[in-house]
Amino acid sequence: MAPQTKRAAETPKLGVQKAAVIAAAFLSAITAGAMANISMISVPVFMDTNTNPNHMIAQWSRTYHYGHIILPGICVGTCGLYAFSALRSNKNWRRYALAGITTLSLVPFTWVFMTPTNNTLFALEAAGNVSDLGYVQQLVVKWTWLHATRSMFPLIGAILGFTGIMADLER
């Protein structure tokens, strides 16, 4: 009779902390992808198909609205998972803390760099009958570049989280 191998001893233990990091890194990547989609697909469609500045502002406003409902909550939850992981990790706590801070950094980036453009677009929407398509396009393109830059924060957080979990699993 052949001896039974202990498969459980060969498989690295996942645990709650590592599962939290995997979830956080996954959520960071999903957030980055959703944000990049807006800049790389949605807004270019607005630019290619709109000839009416009021319609373009309305589309931008609705895109902002739905993104604002979903993405900040995911970002905060992701940061919480990274914080939990940092507190529970012995060796990679700095990497997990940095992943959380990096992911959450999109919030101050938004306040500092994007709020003026957002406010201008919202003011144009509230004013109603806007006639300068070129000006609206210029604002939307500026917002798109800022938004694409902002989407890098959760992407970097995801990379830090994934590299941290890979380092943990190697030990």
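Backbone N, Cα and C atoms are what each Cβ position is placed from, and that goes for glycine too.
Note that the structure is predicted; figures quoted are calculated from it, not measured.
Per Swiss-Prot, N-linked glycosylation site is recorded for ASN118 (among others). ASN118 (N-linked glycosylation site) counts 18 other C-beta atoms within 10 Å of its own C-beta, drawing on all protein chains shown.
Marked as N-linked glycosylation site by Swiss-Prot: ASN129 (among others). DSSP gives ASN129 (N-linked glycosylation site) a coil state; it is part of no helix or strand.
If you look up Swiss-Prot, you'll see 21-41 (among others) marked as transmembrane segment, on the strength of sequence analysis. Same-chain neighbours of the transmembrane segment (21-41): 63, 67, 70-71, 74-75, 77-79, 81-82, 85, 96, 99-100, 103, 144-145, 147-148, 150-155, 157-158, 161-162, 164-165, 168, counting only residues six or more beyond its ends whose CB sits under 8 Å from a CB of the stretch.
As annotated by Swiss-Prot, transmembrane segment applies to 67-87 (among others).
Look at Swiss-Prot and you will find 96-116 (among others) tagged as transmembrane segment, backed by sequence analysis.
The transmembrane segment annotation in Swiss-Prot covers 145-165 (among others) and rests on sequence analysis.
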Cβ neighbour count within 10 Å of ASN129 (N-linked glycosylation site): 7
Residue pair ASN118 (N-linked glycosylation site), ASN129 (N-linked glycosylation site) - Cα distance, angstrom, rounded: 18
ASN118 (N-linked glycosylation site) - helix vs strand vs coil (DSSP): helix
